[in-house]
Each structure stands twice: as structure tokens, then as C-alpha cells.
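Peer 1: Quick one: this structure, given as C-alpha cells, is what I'll be asking you about.
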Amino acid sequence: MWLFFGITGLLTAALSGHPSPAPPDQLNTSSAESELWEPGERLPVRLTNGSSSCSGTVEVRLEASWEPACGALWDSRAAEAVCRALGCGGAEAASQLAPPTPELPPPPAAGNTSVAANATLAGAPALLCSGAEWRLCEVVEHACRSDGRRARVTCAENRALRLVDGGGACAGRVEMLEHGEWGSVCDDTWDLEDAHVVCRQLGCGWAVQALPGLHFTPGRGPIHRDQVNCSGAEAYLWDCPGLPGQHYCGHKEDAGAVCSEHQSWRLTGGADRCEGQVEVHFRGVWNTVCDSEWYPSEAKVLCQSLGCGTAVERPKGLPHSLSGRMYYSCNGEELTLSNCSWRFNNSNLCSQSLAARVLCSASRSLHNLSTPEVPASVQTVTIESSVTVKIENKESRELMLLIPSIVLGILLLGSLIFIAFILLRIKGKYALPVMVNHQHLPTTIPAGSNSYQPVPITIPKEVFMLPIQVQAPPPEDSDSGSDSDYEHYDFSAQPPVALTTFYNSQRHRVTDEEVQQSRFQMPPLEEGLEELHASHIPTANPGHCITDPPSLGPQYHPRSNSESSTSSGEDYCNSPKSKLPPWNPQVFSSERSSFLEQPPNLELAGTQPAFSAGPPADDSSSTSSGEWYQNFQPPPQPPSEEQFGCPGSPSPQPDSTDNDDYDDISAA
């Protein structure tokens with residue numbers, strides 16, 4: 001059993017790799033040659049807290065930790081061996097010793113580093129080399145007992161990286177130190193992955209922006225890299241694939257970067273940029289500053305870094321309104337607040353705090369209040385005039401473009417309205433009369449005053465009624481037809497004289513308004529039409545005392561309303577057998593209406609020709625002996641047989657007057 005436990009312990013010790021404890025009187029040394037180093041493996045030595053992996057404090061790995069090498073036993077052979085092992089060329093002629101360790105350890109360098117907490121470096125390891133190669137070196141534990149300095153070296157092929165002209169160590173133009181000279185990087189194929197490598201190498205977090213050339217001030221000196229193409233996993237920028245700087249890439253194409261740990265400040269809510277609430281841009285967002293430790297030293301550093309002089313007043317702030325909160329603690333000698341001790345989103349340090357505010361000496365409002373010798377009104381006008389003029393110039397330029405646009409729009413609208421109005425006027429002048437004359441003609445004629453019932457008279461469209469003329473048939477033989485002693489008279493030699501008739505009386509007067517509404521000329525022979533209708537009443541034959549049968553075309557001869565019948569050779573026969581039919585106004589009205597609705601194609605009885613246009617009705621003076629006359633009387637009474645008789649021989653009749661030969665028509 002005891003044998004089993006012993007074998008198990010030996011196997012455990014062998015697998016763990018711990019060396020067997022050395023005697024108390026002998027130092028525990030481990031040769032570098034005992035640990036085989038092959039390419040690709042990580043060396044047990046490194047340089048930290050420098051500008052690159054080729055300069056800084058020498059650290060060696062002991063078991064699972066990194067320990068700084070003792071500076072008391074540091075020599076040139078060890079420095080040369082370390083620089084060659086790290087691929088940084090040879091060491092510089094004079095090796096430098098590290099200063100005494102400060103009370104507070106420096107911030108950790110890039111990579112997985114750990115710093116010993118020993119303040120006196122008691123028992124620190126030492127690197128002892130017998131030649132300028134790494135295989136001739138060995139690490140001795142607890143070699144230094146009282147020396148408090150650390151070994152430090154700068155190799156000849158030192159490479160460094162920095163960001164300049166960006167307002168801090170974590171933003172600006174990218175520059176590399178190569179062959180002892182600082183140079184820039186060309187922005188060809190420069191992207192966010194390349195900027196990530198830069199920010200991580202400098203300990204500034206991650207990249208927020210990868211900026212092209214001319215965003216920052218152009219650099220000077222050579223251009224060390226062109227077409228850099230990093231994957232984002234490289235530890236150093238010079239480990240990324242790329243090309244050496246060419247001559248065709250100038251400083252106008254210098255690449256830049258802004259890292260998440262970069263801090264920039266501003267003052268808001270004041271009269272100008274030198275007064276207001278303190279805000280810091282950190283990790284891509286704006287944050288407020290806690291006033292729990294906002295003292296004159298912190299305010300002084302901020303005002304100086306902003307170029308606003310010194311701090312004059314620290315007014316009480318408002319509650320925090322932004323997402324993040326930053327805490328600063330300065331001694332007053334720092335260049336920027338980022339060089340002070342700071343904490344971000346620490347609830348303990350910023351509890352029950354408000355947003356910090358500051359008033360710097362370069363503020364315009366403070367300058368106006370602190371110069372009583374200059375009138376405030378004059379100072380205000382002088383300072384604000386420059387700003388006001390810029391605003392007015394901008395607004396005036398906008399107004400100069402706006403006002404002509406409005407005027408042109410109004411003119412265009414007015415011209416369109418005017419053109420539309422002119423077109424409507426032209427259309428109404430030439431098109432409306434045609435529409436009225438051809439499409440909206442009146443269809444009825446108002447009845448006369450003697451009509452007791454409305455008599456609609458339909459007139460065909462576009463057919464104007466002409467005076468109806470009945471051409472009297474020429475007598476075959478005026479001398480042989482009757483014993484007329486009338487002389488032949490040419491009626492066309494002397495125009496007839498218009499006399500006052502029933503048609504032109506007051507009862508048939510058509511006013512001007514009715515004429516304008518009707519828009520057509522009324523036919524002048526309305527009374528003639530009435531007489532023509534009335535001619536349906538049969539008359540007696542003077543020779544044989546036989547009533548003539550009524551014909552479809554009643555015998556009607558146009559005569560003047562003022563004609564005077566003085567013929568003495570005509571035979572008149574009033575036969576008692578030809579009694580007048582009883583008066584029927586309705587029948588007469590219907591016959592009149594139907595007659596007027598018919599087109600004026602009238603025919604005389606017998607072999608009379610159709611109506612034709614001839615002289616006016618007023619020109620007919622019926623003096624021929626061969627004409628038949630019919631005298632109409634309003635409503636007639638049935639006469640007795642004694643009043644009718646056939647005369648034996650014709651005898652000259654006395655001259656009849658107008659009142660005897662013509663009766664007024666009173667029937668409607």
C-alpha cells in the first residue's frame with residue numbers, strides 16, 4: 001500500500017512539471033536551454049510598458065506568472081540576446097535601467113500581462129546570459145534581494161504606433177515608428193478592421209470610426225504602409241498584410257482612427273462654447289459628468305483643454321439627462337481630463353450627484369459683466385452683430401430666392417386665370433348665339449287677347465313663317481264672265497295704304513319683351529288665318545240659290561283688312577236652305593288649332609292652285625266681279641225663311657261702308 005502511494009506521488013510530480021525542491025544553500029536555477037524553444041512557440045521573455053514589442057521593461061515567465069527581471073544583473077549580452085530573440089534586431093549601445101518602482105503600478109500593457117505587487121523586488125528573478133544568443137541564457141529565481149530597479153531595453157528595430165492630432169491618445173492620425181523614423185499609413189483599403197487593431201494595440205478599446213485622409217491635419221515624413229489589410233485578430237499593425245509605402249500615396253491620404261476610449265468634451269446650454277453643462281463623448285455616446293467631485297482643479301483642466309482660459313465659477317447643475325455618467329479626479333496639472341483618474345458609470349461615486357457645470361473666463365457673458373467701463377449696450381451690439389449679420393445674410397439669401405419664386409407663382413396663376421377667362425368670353429360670344437338659335441328656340445306663341453283658351457302653336461325649328469299669300473286665279477274672261485263695269489286696275493302700280501285693322505288693334509299688340517323672348521318675327525297674318533278657319537261656313541250660290549258643299553280647301557282670297565267692296569254687278573243670294581250651323585266655339589277652336597299646327601300648304605276649292613308667295617295681304621283690293629264674298633258675323637242666330645229670297649234681276653247695290661261689309665270677329 002505504501003508503495004502504491006509513493007508511485008502515485010512521483011507520477012503526479014512529474015506530470016505537474018514542478019522541479020524538485022533545491023537545497024536551502026543552493027539557488028534554484030533553470031537554464032534556457034533546458035526549455036526547448038522552437039519557432040512558433042511563445043518565448044518566456046517579453047518587453048512591456050513600451051511603445052512597441054521591441055522596447056520596454058524586461059519580463060520573464062516563472063511557472064504561470066510573469067515577473068520583471070532584476071536590473072542589478074542586467075548586461076549588454078542579455079539585452080542583445082533578448083532583442084534578437086524577439087526579432088527586433090540588435091540592442092542599442094547603451095542599455096537603460098528602469099527607475100524605481102512607483103507606489104502605484106502602471107496600467108497593464110497590451111496583451112495578457114500581470115505585474116508583480118512587490119514594492120521592493122526582493123527575490124526577483126534575473127536573466128543571466130553567456131553570449132548574445134537566447135540559448136546561452138538562463139533564468140535565476142530570487143537572484144536580486146535588495147536592488148529595486150528593473151531591467152529595460154530598447155532594440156534597434158523598435159516599432160511603435162501612435163495617434164496624433166486627434167485631441168487625445170485614442171484618436172487622430174495613425175503613425176508608425178519604423179527604422180527610427182515616424183511615418184504615416186496610406187488610407188487605401190483602410191477600414192474598421194484595421195482601426196480595430198490600432199485601438200487594441202494602444203489599449204484604447206475598439207474602433208469607433210476609421211477615417212480617411214484630410215480628416216485630421218496632414219502628416220510629415222515617410223509613408224511606411226500602404227494597402228493595409230488586417231483581419232482584426234493581429235496584435236500589432238505591422239503584423240497585418242500590406243505593402244511598403246509608395247511614392248504615389250501622399251499625405252492627403254493619411255489614415256485616421258477614433259477609438260472607443262477616446263474622450264472629447266463640450267459645454268452645452270450656455271451663452272457660448274465656454275459656458276454650460278459638461279458633457280463627454282465616450283464609447284460612441286455623449287455622457288454627463290458627476291459633480292460629486294467637481295472641484296476647481298477639474299474645472300481648471302477642462303477650461304484649459306477647451307481653450308477657454310481658467311475656471312471662474314461652478315454653478316449648480318441639473319439632474320442627469322444622458323445615458324452615461326463620468327467621474328473625474330484631477331490634481332490640476334493634467335493636460336486633459338482623460339489624463340486624470342476617471343471612472344465610468346460607477347454608481348457609488350456618482351450617487352446623489354447632479355450634472356456638472358462650469359463658467360470659463362473666456363465666456364462672452366462673463367466678459368460683458370466684468371467690463372463695466374464699456375457700456376453693456378455697446379458691447380452687446382458689437383459682439384452679437386457679427387453673429388447676427390451671418391444669420392441675416394443667410395436669411396436674406398433665402399428670402400432672395402423665396403420672394404421671386406412667390407412672385408413668379410402668382411404671375412403664372414394670374415396668367416392662367418386670364419387666359420381661361422378670355423377663352424370663356426370668346427366661346428360665349430361665338431358659340432352661345434348658335435346654341436340659342438338652333439337648339440333653344442321657343443315652341444309656342446302667346447295667344448291673342450280674344451282667345452279664352454290657351455292655343456299652343458308649334459313652329460318647326462329653323463322654319464320662319466312667311467306671310468301666307470293666296471294667289472287669286474286669273475279670270476278666264478273678265479268681260480264675259482260677269483256684267484262687271486269695273487275698270488282694269490294695276491294694283492302693283494300703287495302700294496296699298498295700311499289701315500287700322502283688328503289685327504293691329506290694342507288687343508293683338510305684341511310687346512317688345514315678348515318679341516325679345518321669342519327671338520323671331522311673328523307672322524303678320526294671324527287675322528287672315530282666323531278668317532281662313534272661319535271660311536268653313538258654307539255660302540249660297542247667287543245664281544241658283546243652292547248651297548255649296550264645303551270643301552277641304554276653303555275658298556279664300558286674300559284681301560286687305562281695309563278694303564271697300566263697291567261692286568254693283570255681283571249677285572248675292574241668301575238662301576234660306578243654306579242655314580248656318582249652330583255656333584260651336586270648341587269646334588272652331590279645335591279646327592283653328594289643328595289648322596295652325598299644319599304646315600301652310602293650303603289649296604283653294606276647285607281647281608285653285610296651291611298657295612304661293614305674292615304681294616302682301618294689304619295689297620289685295622277685291623274689286624273683281626268674279627269673286628265670291630262671305631260675310632261672317634259673331635255668334636249668328638238661326639234666321640227665318642222670310643228673310644231669304646232670290647231677286648229677279650241684279651240691280652246695283654248702294655255703296656257699302658266699312659261697318660256694313662266687315663264685322664268684327666269677337667269669337668275666340
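Residue positions begin at 1 at the first shown residue.
Using the three backbone atoms N, Cα and C, a Cβ is placed for every residue, glycine included.
Pasting the feature list from Swiss-Prot:
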- 1-17: signal peptide (SIGNAL)
- 18-37: region 'Disordered' (REGION)
- 18-402: topological domain 'Extracellular' (TOPO_DOM)
- ASN28: N-linked glycosylation site (CARBOHYD)
- ASN49: N-linked glycosylation site (CARBOHYD)
- CYS54-CYS88: disulfide bond (DISULFID)
- CYS70-CYS144: disulfide bond (DISULFID)
- CYS83-CYS155: disulfide bond (DISULFID)
- ASN112: N-linked glycosylation site (CARBOHYD)
- ASN118: N-linked glycosylation site (CARBOHYD)
- CYS129-CYS137: disulfide bond (DISULFID)
- CYS170-CYS204: disulfide bond (DISULFID)
- CYS186-CYS249: disulfide bond (DISULFID)
- CYS199-CYS259: disulfide bond (DISULFID)
- ASN229: N-linked glycosylation site (CARBOHYD)
- CYS230-CYS240: disulfide bond (DISULFID)
- 265-361: domain 'SRCR 3' (DOMAIN)
- CYS290-CYS350: disulfide bond (DISULFID)
- CYS303-CYS360: disulfide bond (DISULFID)
- CYS330-CYS340: disulfide bond (DISULFID)
- ASN339: N-linked glycosylation site (CARBOHYD)
- ASN345: N-linked glycosylation site (CARBOHYD)
- ASN368: N-linked glycosylation site (CARBOHYD)
- 424-668: topological domain 'Cytoplasmic' (TOPO_DOM)
- 471-490: region 'Disordered' (REGION)
- 537-668: region 'Disordered' (REGION)
- 586-596: compositional bias 'Polar residues' (COMPBIAS)
- 619-632: compositional bias 'Polar residues' (COMPBIAS)
- TYR662: phosphotyrosine (MOD_RES)
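What's the neighbourhood like for each of these?
Peer 2: In the predicted model, residues of the topological domain 'Extracellular' (18-402) average a pLDDT of 78.
Around the Cβ of CYS54 (disulfide bond), the number of neighbouring Cβ atoms within 10 Å comes to 23.
For CYS70 (disulfide bond), the number of other Cβ atoms no farther than 10 Å from its own Cβ, over all displayed protein chains, is 26. Secondary structure at CYS70 (disulfide bond), as computed by DSSP, is strand.
Same-chain residues at least 6 positions away in sequence with a Cβ under 8 Å from that of CYS155 (disulfide bond) are, in sequence order, LEU47, CYS54, SER55, VAL82, CYS83, LEU86, CYS88, GLY89, GLY90, ALA91, GLU92.
DSSP gives CYS137 (disulfide bond) a strand state.
Within the same chain, residues at least six positions away from CYS170 (disulfide bond) with a Cβ under 8 Å of its Cβ are LEU163, CYS199, LEU202, CYS204, GLY205, VAL258, CYS259, SER260, GLU261, HIS262, GLN263, SER338.
Annotation note: CYS186 (disulfide bond) sits in a strand segment as assigned by DSSP. On its own chain, CYS186 (disulfide bond) has ILE223, ARG225, ASP226, GLN227, VAL228, GLY245, GLN246, CYS249, GLU253, ASP254, ALA255 as residues at least 6 apart in sequence with a Cβ closer than 8 Å to its own Cβ.
Every protein chain considered, the tally of other Cβ atoms within 10 Å of the Cβ of CYS259 (disulfide bond) stands at 26.
A C-beta separation below 8 Å, combined with a sequence spacing of at least six in one chain, links ASN229 (N-linked glycosylation site) to THR189, ASP194, CYS240, PRO241, GLY242. Secondary structure at ASN229 (N-linked glycosylation site), taken from DSSP and collapsed to helix, strand or coil, is coil.
Counting only residues at least six positions away in the same chain, the Cβ atoms of GLU193, ASP194, HIS196, VAL197, LEU237, CYS240, PRO241 sit under 8 Å from the Cβ of CYS230 (disulfide bond).
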Peer 1: By the DSSP assignment reduced to helix, strand and coil, which category contains CYS360 (disulfide bond)?
Peer 2: strand
Peer 1: Where CYS330 (disulfide bond) and CYS129 (disulfide bond) are concerned, what is their Cα separation in Å, rounded?
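Peer 2: Here the two Cα atoms are 44 Å apart.
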Peer 1: Using a 10 Å cut-off, grab the number of neighbouring Cβ atoms around the Cβ of CYS350 (disulfide bond), all chains included.
Peer 2: 22
Peer 1: Going by Cα-Cα distance, pick out whichever of the recorded positions ASN49, CYS137, CYS303, ASN345 is nearest to ASN339 (N-linked glycosylation site).
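Peer 2: That would be CYS303, nearest by Cα distance.
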Peer 1: Return the residues near CYS129 (disulfide bond) by Cβ distance under 8 Å, restricted to its own chain and a separation of at least 6 in sequence.
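Peer 2: When sequence neighbours closer than 6 are ignored, CYS129 (disulfide bond) has ASP75, ARG77, ALA78, ALA81, LEU136, CYS137, GLU138 within Cβ distance under 8 Å.
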Peer 1: Looking at the recorded positions ASN49, CYS303, CYS360, whose Cα is closest in space to that of ASN345 (N-linked glycosylation site)?
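Peer 2: Answer for the nearest of the recorded positions: CYS303.
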